[in-house]
Amino acid sequence: MNAMTEQPQEKPQLTEAEQKQKYNFNKLVKRLRHNVGDAINDFNMIEDGDRVMVCLSGGKDSYTMLDILLSLQKSAPINFSIVAVNLDQKQPGFPEHILPTYLAEIGVEHRIIEEDTYSIVTRVIEEGKTTCGLCSRLRRGILYRVADELGATKIALGHHRDDILETLFLNMFYGGKLKGMPPKLVSDDGKHMVIRPLAYCREKDIEKYSAAREFPIIPCNLCGSQPNLQRQVIGDMLRDWDKRFPGRLETMFTAMCNVVPSHLADPKRYDFVNAKADGTPRADGDKAFDRETFSDPSRISILSSKPAASACGDAS
Ligand code: SF4
């Protein structure tokens, strides 16, 4: 049979379960793209001409961040470049071929840095003591240096909404501070702009996406460090709340975007000392004995249904 008479091959029909799976995956992709796009817009994370250094650890979060940024780059109304960076800290058993192979396969510009911070940390820190403090300080210094070498104007980290909430509670429970993790902030050395494009993304969405995309995950326990018990306690608490009170995490994240300094107790954020009753009525003034009333939390749980932009602008 020649090409002219060849019958077109019929596509195999998807089963109902496969169709549903495909539909759910498309919805998930759309939600993640929206979440990332909205965070980028709300915080002006990426501007025309930026060179974004995407820090890749080999975990689900950073793979997802790179993947979504690459897909948004194609349709963005601005031009920006992406360079993926992985720091091989020489932990025993680190599968050093996985990331270079993956990055070469998807054709993204990348740099693998090899620095044996593992030996330094194990030499300096007494056995049994937590190594994360020194390890992350060393890592940070190396990443700043590499950002300079690469001419990166933004350093993108893969922290997501649940990391941000976890940090908020860690600071409240153990640090005595009302402080989370910013979607965008100048680095501690004042020289770099750090961004967190996944700030609006739910961890469970990232988990599902990562599993569906079959990213070649590198295990995160190679350094042998004990898991941070406090972080684990908070993480368990948040997961439990999420199960028992659907919408609570969304509401809490929305709260982080709607801070009312006059209703907290920090004189550095609000000038209580010089406050005067000048006769001007104010909606956010003190309502004396009135109790606060709240609508159904699920009604302000907007991350799950609407673009997350609303989360940081409108809780009504
Ligand atoms: S868990 Fe291991 S690799 Fe991560 S910061 Fe701690 S010591 Fe470093």
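First residue shown is number 1, and so on along the chain.
Cβ from N, Cα, C; glycine included.
Keep in mind that TrEMBL annotations are predicted by a computer and have not been checked by a curator.
The [4Fe-4S] cluster binding site annotation in TrEMBL covers Cys132, Cys135, Cys223. According to DSSP, Cys135 ([4Fe-4S] cluster binding site) is assigned to a helical segment.
According to TrEMBL, the domain 'tRNA(Ile)-lysidine/2-thiocytidine synthase N-terminal' annotation covers 52-213.
Residues annotated as motif 'PP-loop motif' in TrEMBL: 57-62. Nonlocal intrachain contacts for the motif 'PP-loop motif' (57-62), taken as residues 6+ away from its ends with a CB within less than 8 angstroms of a stretch CB, comprise 86, 98-99, 158-160, 163, 198, 203, 206-207, 209-210, 215-218, 220.
Less than 8 angstroms from the CB of Cys135 ([4Fe-4S] cluster binding site) sit Gln89, Thr117, Tyr118, Val121, Cys223, Ser225, each of them six or more residues away in the same chain. All protein chains included, Cys223 ([4Fe-4S] cluster binding site) registers 18 other Cβ atoms within 10 Å of its own Cβ.
Per-residue confidence over the motif 'PP-loop motif' (57-62) averages out at a pLDDT of 97.
Per DSSP, the motif 'PP-loop motif' (57-62) is made up of 3 helix, 0 strand, 3 coil. Other residues of the chain with a Cβ within 8 Å of the Cβ centroid of Cys132, Cys135, Cys223, the [4Fe-4S] cluster site, are Val121, Thr130, Thr131, Leu134, Ser136, Ser225.
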